[in-house]
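Here the structure is laid out as structure tokens; the discussion comes afterwards.
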Amino acid sequence: MLYPQDFDVIVVGGGHAGTEAALAAARMGSRTLLLTHNIETLGQMSCNPSIGGIGKGHLVKEVDALGGAMALATDEAGIQFRILNSSKGPAVRATRAQADRILYKAAIRRMLENQPNLWLFQQAVDDLMVEGDRVVGAVTQVGIRFRSRAVVLTAGTFLDGKIHVGLNNYAAGRAGDPPAVSLSARLKELQLPQGRLKTGTPPRIDGRSIDFSQCEEQPGDGMPGGVNEGAVPVFSFMGNAAMHPRQVPCWITHTNARTHEIIRSGFDRSPMFTGKIEGVGPRYCPSVEDKINRFADKESHQIFLEPEGLTTHEFYPNGISTSLPFDIQYDLVRSMRGLENAHILRPGYAIEYDYFDPRSLKSSFETRQIQGLFFAGQINGTTGYEEAAAQGLFAGINAALQCRGERAWVPARDEAYLGVLVDDLITKGVTEPYRMFTSRAEFRLQLREDNADMRLTDAGRRMGLVDDARWDAFSRKRDAVSRETERLKSTWVNPRNLPTVEAERVLGKAIEHEYNLFDLLRRPDVGYDALTTMDGGKYASEAVSRETLGELSAPVIEQVEIAAKYAGYIERQRDEVQRAAHFEKLRLPEDLDYMQVAALSIEVRQKLQKHRPETLGQASRISGVTPAAISLLMVHLKKGGFKGFAPQPADGVETVA
């Protein structure tokens, strides 16, 4: 049957990538259909019950700045919040939250059901409708054909998925869900380059069988005994602490020599060590057997016992992801302090699945082979809810823009972690599941959590992603930051008018000549609050008083203070950005035959011919392409007078072919 209504965008899959893709396209005005094998699992947290972390929290803030759902859903579902790296510089501070699985899923479902221009339909997709080199729709498992102008594929671990527990294995998309075998076969027919990856999850434990008196309590920020007692962090720029449910602690235990002995005894039945698993696992979230094998000299590993929610006794033991046989899982869990009588509710397992080489994507995440077909999430070789959500939002945006006949939106590496993520995937590809770290960004001082809205909300508004309420809140914050920064720069402190005792109290010593407040705030040991109490509050501002702006005040002050203290570093980084931008604006001819560029080595020619970079900047980041090779390529292009060798538009976006 051909469904009687046509759509602009079809999104296949209802995980973290799919939900953000569907919401983004619908917010932008596209008639959007979200196809999922089970409406009850929309927004499901398939693995760990947490959102955020180093690098990952930055992505969540960026998704939020563009009107996405993940941060707000986390504020509604978060049962513990922490600011990681709080004692370090602002560039690497990151928010992390434990989330109640049921509350999180409910929040996402509510947002989906209440979003205009968005339709939900429960059916697995078995096939794509392709005419020539363009996708025109999707076909479900019972033969319903939906026509659309673009399709965003966010299949997660479902593509030909296989679960392993010991030497036993079976086909599945995740525990309890069937795999997408037909869809995977169809994609292979389209000759899209693919491979296999794997990920894993730990056994779940009944909290009633845990002796918490033998474990170390880990309260969240704002909880009794935690950092900043009484002040619980907030994830969304539109969120507040009143949205949070009841806050609860996590707990810590450790593996020991007995645990490691048990794990080693199961190596001969491990699918990872016996070759049953072909896919490569995530380097930064290894299985416990991998950790014991690789770090044989380490006597103990920290294990975090994380609550799955407020209405369940289920706990997630973060740190013992495993595919070992269940008898080994049973013994290794019970070998740890506090878990001697633990009851396992669900066994741990590994899952391997198909992914498609992201180097075959355009920088909009549209496939090069099939027009209108976009990929996002684990299908691109990434791991993590946050990476998936960011990609889904990005692909949804560009699918909607293509339907409008507009240029793709591609943030640069100096504009967003999303830009770093996209560029890394399409230029470097993956050899293992990719996760985000702050260390992946060259310009991370500019890419902080606190300024994600300043970097992206304006672009989101222009594309139709940001509603009036968010835009009004953002505009008030932006204007307040600007006004207060200017006030500090134009307010001068004269040593003749400042009592020495006050100067010593706030500044550490008397001043010898006139300074403006902004320059005084640049001093490492001078805080904003102390500065505004100087000389009886004479230098305080009404514009950012807590009485005037309420909760908006803290973010405003934070922005102003960071801008002052890191002004020199930020300015130097901006200079680096400008130098790098030259290459990013130079587009490479689409039809260039790199094998004919005689000045380049065979290796470089082969890599450029395979990857087909869109800009000189992308070419420079391909592994093995040296700065000398880039210089030679520039000479070749200039001598040849190639028409395509021209600057991109000033806003850094590219034309969708």
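Backbone N, Cα and C define each Cβ position, glycine as well.
Taken from Swiss-Prot, the feature FAD binding site applies to Gly13, Gly14, Gly15, His16, Ala17, Gly18. Reduced to three states, the DSSP call for Gly18 (FAD binding site) is helix.
According to Swiss-Prot, the feature NAD(+) binding site maps to 281-295. In the structure as shown, the Cβ atom of Glu289 (NAD(+) binding site) sits within 10 Å of 26 other Cβ atoms.
For Lys291 (NAD(+) binding site), the same-chain residues that are 6 or more apart in sequence and have a Cβ closer than 8 Å to its Cβ are Lys298, His301.
A simple Cβ count within 10 Å picks out one of the binding-site residues Gly13, Gly14, Gly15 as the most packed, and that one is Gly13. The most densely surrounded of the binding-site residues His16, Arg283 is His16 (count of other Cβ atoms within 10 A of its Cβ). For the pair Gly18 (FAD binding site) and Arg283 (NAD(+) binding site), the C-alpha distance works out to 25 angstrom. All chains included, 26 other C-beta atoms sit within 10 angstroms of the C-beta of Ser287 (NAD(+) binding site). For the binding-site residues Gly18, Gly281, the largest tally of other C-beta atoms within 10 A is found at Gly18. Taking the centre of the Cβ atoms of Gly13, Gly14, Gly15, His16, Ala17, Gly18 as the FAD site, the nearby residues of that chain (Cβ within 8 Å, site residues left out) are Val11, Thr19, Glu20, Ala21, Thr36, Gly43, Thr154, Gly156, Gly377, Ala388, Gly392.
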